[in-house]
């Protein structure tokens with residue numbers, strides 16, 4: 001692909017290996033997003049940067065592929081009755097405010113401690129949020145896997161739903177009625193995290209499940225609405241600054257539109273706790289990845305001393321760990337989907353024998 | 001898997017598959033010009049946004065049909081459940097004045 005007229009400082013030269021890498025990561029990221037409502041973005045941005053794409057172009061191109069993927073996923077899961085559009089809109093509005101707050105905090109950190117301080121802040125936020133939320137979700141997923149009855153409303157959500165704080169809002173599709181003021185912090189936290197670590201869904205989906213009382217399948221589908229609205233707004237902003245590399249976007253989109261539909265289909269075959277299992281597994285592995293990357297930022301801040309070769313190795317291990325998180329998520333999704341399909345077929349055969 | 005009466009959308013998949021290939025070919029044979037135009041910013045921002053919407057429709061339809069043709073469909077119960085009414089919260093008691 002000839003890119004002679006393109007500014008080489010902004011637009012990389014593509015070869016077969018980089019195209020294959022972006023397509024495959026796009027597919028796996030799409031699969032995970034279609035299933036849990038978010039994910040994939042955390043690997044794509046560093047993945048593009050490892051190919052030589054400048055950070056801002058990587059972030060812009062990643063976001064520009066994210067919103068059409070979320071749109072296709074939303075449409076697919078809407079057909080299965082899993083999307084609460086009204087809740088998605090409420091969440092997206094407060095998340096947009098949260099994004100602005102997150103950007104302000106980032107700017108403050110950047111001004112005070114410089115780029116290394118900002119990177120350290122992002123990594124610490126990653127680790128803290130992923131360990132706390134991911135650990136809780138995993139604990140709940142294990143508990144849900146052991147009990148063979150349908151999951152009820154979580155205790156916190158049940159209490160909040162009983163508080164009559166006007167205005168009360170009824171989300172018919174999710175089957176919940178809750179004060180508007182309890183939806184706001186969940187949306188704000190989603191936006192804040194999206195502006196900090198680019199994956200707001202890691203707080204948005206658990207927030208909808210445990211704070212609002214939305215069923216897991218519906219929360220993950222509704223998160224796609226939030227991702228679409230926020231992604232569209234962000235992409236317009238980046239595109240107006242001319243930072244979107246349309247070639248990268250279309251290659252990733254080629255894989256992710258296949259993946260997101262497969263992930264959406266997968267949600268119809270699994271028990272509800274599988275959403276939590278996949279989300280928690282990815283979150284905890286990504287937390288480990290960020291822990292491995294932490295010494296690099298501490299060295300830049302002069303708080304630790306390590307050799308350059310050690311830092312390079314740690315950086316590579318951290319990136320491989322992130323790819324592994326996405327890969328293991330995809331394996332769990334495809335495995336549980338396969339088992340669900342097999343059980344479905346077995347039920348069909350048993351039903352046919354019963355009728356005969 | 002899918003209901004026995006379901007027909008596989010082979011024709012539509014082929015049409016949208018060819019359209020997808022044509023669109024990718026059109027962009028990547030003129031990648032240099034298109035990428036530099038879309039990188040101008042300002043009102044040129046409409047370019048990448050409109051492009052990804054067009055691709056998400058054409059390639060998205062192809063991808064959906066491809067999985068259907070390959071026999072990877074949603075669980076029939078899920079499709080039926082979407083067509084029936086969802087359990088809703090009970091309405092609040094109101095007093096008619």
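Glycine too: its Cβ is placed from the backbone N, Cα and C atoms.
Just so you know, TrEMBL annotations never went through curation; they're auto-generated.
Since this is a predicted model, take the numbers as computed values, not measurements.
According to TrEMBL, the features are:
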{"type": "TRANSMEM", "residues": "A:20-44", "note": "transmembrane segment"}
{"type": "TRANSMEM", "residues": "A:87-105", "note": "transmembrane segment"}
{"type": "TRANSMEM", "residues": "A:120-138", "note": "transmembrane segment"}
{"type": "TRANSMEM", "residues": "A:178-203", "note": "transmembrane segment"}
{"type": "TRANSMEM", "residues": "A:209-232", "note": "transmembrane segment"}
{"type": "TRANSMEM", "residues": "A:244-265", "note": "transmembrane segment"}
{"type": "TRANSMEM", "residues": "A:277-299", "note": "transmembrane segment"}
{"type": "TRANSMEM", "residues": "A:311-338", "note": "transmembrane segment"}
Does the transmembrane segment (A:120-138) make contact with the transmembrane segment (A:178-203) through 3 or more Cβ pairs under 8 Å, each pair 6 or more apart in sequence?
yes
State the non-local partners of the transmembrane segment (A:311-338) in its own chain: residues 6+ outside its ends, Cβ under 8 Å from one of its Cβ atoms.
25, 28-29, 31-32, 35-36, 39-40, 42-43, 46-47, 50, 263, 265-266, 269-270, 274, 277-278, 281-282, 285-286, 288-290, 292-293, 295-296, 299
Tally Cβ pairs under 8 Å between the transmembrane segment (A:244-265) and each listed stretch (A:20-44, A:87-105, A:178-203, A:277-299), then give the stretch with the top tally.
A:20-44
Contact set, same chain, for the transmembrane segment (A:277-299): CB under 8 Å, 6 or more residues outside the stretch:
32, 35-36, 39, 42, 116-117, 119-120, 123-124, 126-127, 130-131, 133-135, 137-138, 141, 145, 202, 205-206, 220, 305-306, 311, 314-315, 317-319, 321-322, 324-326, 328-329, 332-333
State the non-local partners of the transmembrane segment (A:209-232) in its own chain: residues 6+ outside its ends, Cβ under 8 Å from one of its Cβ atoms.
33, 35-38, 63-64, 66-67, 70-71, 73-74, 77-78, 80, 82-85, 87-89, 91-92, 95-96, 99, 136, 140, 151, 153-154, 156-158, 160-161, 171, 173-176, 178, 182-183, 185-187, 190-191, 194, 200-201, 264, 267, 272-273, 275-276, 279
